[in-house]
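If you look up TrEMBL, you'll see Glu534, Glu543 marked as active site, proton donor/acceptor. Marked as S-adenosyl-L-methionine binding site by TrEMBL: Tyr393, Lys402, Tyr403, Glu464, Asp490, Met491. According to TrEMBL, the feature compositional bias 'Polar residues' maps to 620-649. The domain 'PRMT5 TIM barrel' annotation in TrEMBL covers 39-358. Feature annotation from TrEMBL assigns domain 'PRMT5 arginine-N-methyltransferase' to 367-564. Per TrEMBL, the feature domain 'PRMT5 oligomerisation' maps to 567-821. Residues or ranges marked as region 'Disordered' in TrEMBL: 1-26, 619-649. Residues or ranges marked as site 'Critical for specifying symmetric addition of methyl groups' by TrEMBL: Phe396.
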Amino acid sequence: MSSQNALDERQPKFYVGYHDTDRNDPLTSEDLDQALDCNYNMLTTFITNHHFHTKINALVSDHMSGNTVPKVPPLTDLDTHLEPNSITVSVVAFTSPWIDVCSPDPLTAGLSKQILVMEIAFAAFCGFEQIVIQGPRLSHYDPFRGKDVVTNNVVQFARAVQECLTIGLRLQVTILLPFSDDPLVKTDDLDVLMTRESFLEPDLDPKEHSADFLGTWETWNTIRATCKYHSRLSVALVMPPHLPTTYIQSRWFSEPLKALFFDGNSFTTNIKGYPSLQSSAQSFLKDIMRLKVAPWIMLVDVGDTPGPNSHGETQYADGYLHEDALMPGKSDAISSQESESDSIDELAHLNYIRHLEQTQDTRSDIERYGAGYQDYLQTPLQPLTDNLESMTYEVFEKDPVKYDLYEQAIRKALRDWADQEKPRSGPHGKIVVVVAGAGRGPLVSRALRASKTENVPIDMWAIEKNPNAFVLLQRRNRQEWKQVRLEQTDMRSWKGPWRTEFSPTPAEAFNRAATPPEIAPTQVYYPIDILVSELLGSFGDNELSPECLDGILHLLAQPHGISIPRSYTAWVTPIAGPRLHADISQRGLYDPSAAETPAVVWLHQIDYLSRQTVYKDAKSPQQQALTSDQDSRTTNPQDTLLYSGSSSSMPPPNVLCAWEFTHKPPSPSDPIQHTPAQGDQNTHNSRFAKLNFRIRHRGVCHGLGGYFESVLYPGVELSTNPNTIGNKSAHMISWFPIFFPLKEPLYVPSTSALDVSFWRQTDGRKVWYEWMVESWGWNLMRAAKEVSGQDEAKRGISKADRRMVKLGMTELHSSIKNACLM
């Protein structure tokens, strides 16, 4: 493979199709071959043709005066050009755009529902696997009033889609929607079936409604919720020339996007008439094409149609742009659809898209490493009950960042120990360093290197319970280290470092007896100066690091013994992750506990529901984080909250700390820190937290993202918290976040709050988590009483009016069925 090909494999691939909205001719293999020769990857076709449309219009006209919905006659060979053949795998089928299942007119809606089901069934029969359905119409043109009238029958459309998903077991159904909803923007005239005036409500005028940029997402959410997050249902978006604000983009990023449609209005033109995309659209495309399952790109009615209508020789879009195409855009950029330039070749738009593909940033090492792990749910490890395989150790050891930080922490600890002249517990004045849970030995190597670098001698011990990994430790010690003391045991039952002494000593024995006595060697135990472990899980404590260290911390030298890590904290934030929820729902078909099992996952295609905010009365981020739950219930967020970032950039997610574990030498006077041998129920390691999150924009909570931060040694920290990982442990790949799912998604309105209650539970034999989410909104009595220019006293608003009311809650989730065994 050439270096160029190797480079290409590191770049995201674009799959580009062409959609001709006026196509009425049969699609042939020759048409497809010509499109492939142009560097398209796919074409589209409508399931039925103009002949069928004309027949349905006549049927509607015949029944305009009645109230009954006639039955649509079966398809004939004159109604469709489709047939089963080999090209269906490279062709996307479209249902008729003129049907209107959402119509308030029962005649139009009834006929449209029949046609939709009929077309889906025929496409499935012909072997098509990809079907695109035009999304529901949220407004209908009233020819008598000469304007659009808002309607809302999305549930009726959703019910029809649910039925379509039962027709073909292989059909992938995609709903085509605009990127955002603005009632003041007139929809294209698709010559839809007429809706009779008597069924249009005259008071629903779009101009009386403000723009709702989440309206389209709300429509999609209704459809997919009705269809129970069906694994074969996805969404496609029509890209506008100017993308809405970033929170809308972030929301769509988290959804199962099948395709992005670019029509003539999506592009602007530069001063030479060449097409281009606004920078915001380019940024969105750059991000979303790096997903594990990236959407297609569909060009709509731009350039000449690949197929029988093409003229001249076949061109090829190689992504190389003429110098005129790279010139800056017009200050008053117009859509490429309005451009009158005749000098631009027919593949200019495709060539531009291919140019964007070729100029994408190459995938980073982390992206290539984690490509297969994006949003892939994994069961957390059970390190105390299971012996890990060598491959698992190898994956962890590929992360140089973590081990560099551990080595840095050990070096600082040794340097400080020597500088502060602390007593050394080892023989010959050495500092005793123990790696507990040594695995295949990476931390042992780092500790020895730190000792050599700092020129501080150490007495090195390695403890490992896995008998298979212990064999490798023995080999490495014999061939490489040559100075490490090895113990194959559970750290919780280990008695500590030891040296051999003889009692009585030979000299004493000969002085006491005329004949040589038997001299028995004895083991003398001594304390640990520095204890090093890598027992942290994705939530910090979820792999029982506290329980493991409880059994060995009593061996630390008092009072100056050190544990690396010194402490760690667990962090939580609510997230929208529809793909994760759909995956868990599928697993729930054969695993009833799937929705209550925390999963390790590289959270990628998600949306953070709560973003950081700035309180007018807060002096620091710490004060902001400490704002009480009571305060958040009695103050209107619209009055006190501002984004920490501008409208053009997303504020960072609001990730809150749930609890902390700290490890130090236990004091005899401290009743909390002691060994499990004393017979408690591990209650000192239980935890509870109640966290309050502000929700600025409405959405759906599918679960909780979990992270951790750890202080290895003062000045050396690592983190998976998205807000601090860049500063503390950038590019670290050892830990993915943990996801705590919700059985049923919880809808949260705008300007609301979520309460998250979290427990770490234990009974002395196992550890598990429990969690519950509550949604709160503002009492609408306040809005009804507000009068412009009046203060609260004059408005008569009571304290109760300012408080929040509960809107909904989840059930109590518990992972006890998949608890981590001690």
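Going from the start of the chain as shown, residues are counted 1 onward.
A Cβ is built for glycine as well, from the same backbone N, Cα and C atoms used for every other residue.
All TrEMBL annotations are machine predictions without curation.
Overlay of TrEMBL feature records on the structure.
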residue: Tyr393; record: S-adenosyl-L-methionine binding site; DSSP (3 states): helix
residue: Lys402; record: S-adenosyl-L-methionine binding site; DSSP (3 states): helix
residue: Glu464; record: S-adenosyl-L-methionine binding site; DSSP (3 states): coil
residue: Asp490; record: S-adenosyl-L-methionine binding site; DSSP (3 states): coil
residue: Glu534; record: active site, proton donor/acceptor; DSSP (3 states): coil
residue: Glu543; record: active site, proton donor/acceptor; DSSP (3 states): coil
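In the predicted structure, the domain 'PRMT5 oligomerisation' (567-821) carries a mean pLDDT of 81.
Note on the recorded positions Glu464, Asp490, Glu534, Glu543: the fewest other CB atoms within 10 A surround the CB of Asp490. Checking each of the recorded positions (Lys402, Glu464, Asp490, Met491, Glu543) against Phe396 (site 'Critical for specifying symmetric addition of methyl groups'), the C-alpha distance stays within 10 Å for Lys402.
Separation of the C-alpha atoms of Glu534 (active site, proton donor/acceptor) and Lys402 (S-adenosyl-L-methionine binding site): 10 Å, rounded to the nearest whole number.
Counting every protein chain shown, the number of other Cβ atoms lying within 10 Å of the Cβ of Phe396 (site 'Critical for specifying symmetric addition of methyl groups') is 17. Between the C-alpha atoms of Tyr403 (S-adenosyl-L-methionine binding site) and Glu543 (active site, proton donor/acceptor), the distance comes to 19 Å. As a whole number, the greatest separation of Cα atoms within the S-adenosyl-L-methionine-binding residue list Tyr393, Lys402, Tyr403, Glu464, Asp490, Met491 is 24 Å. Calculated from their C-alpha atoms, the gap between Tyr393 (S-adenosyl-L-methionine binding site) and Glu543 (active site, proton donor/acceptor) amounts to 15 Å. Cα of Asp490 (S-adenosyl-L-methionine binding site) to Cα of Glu543 (active site, proton donor/acceptor): a distance of 15 Å.
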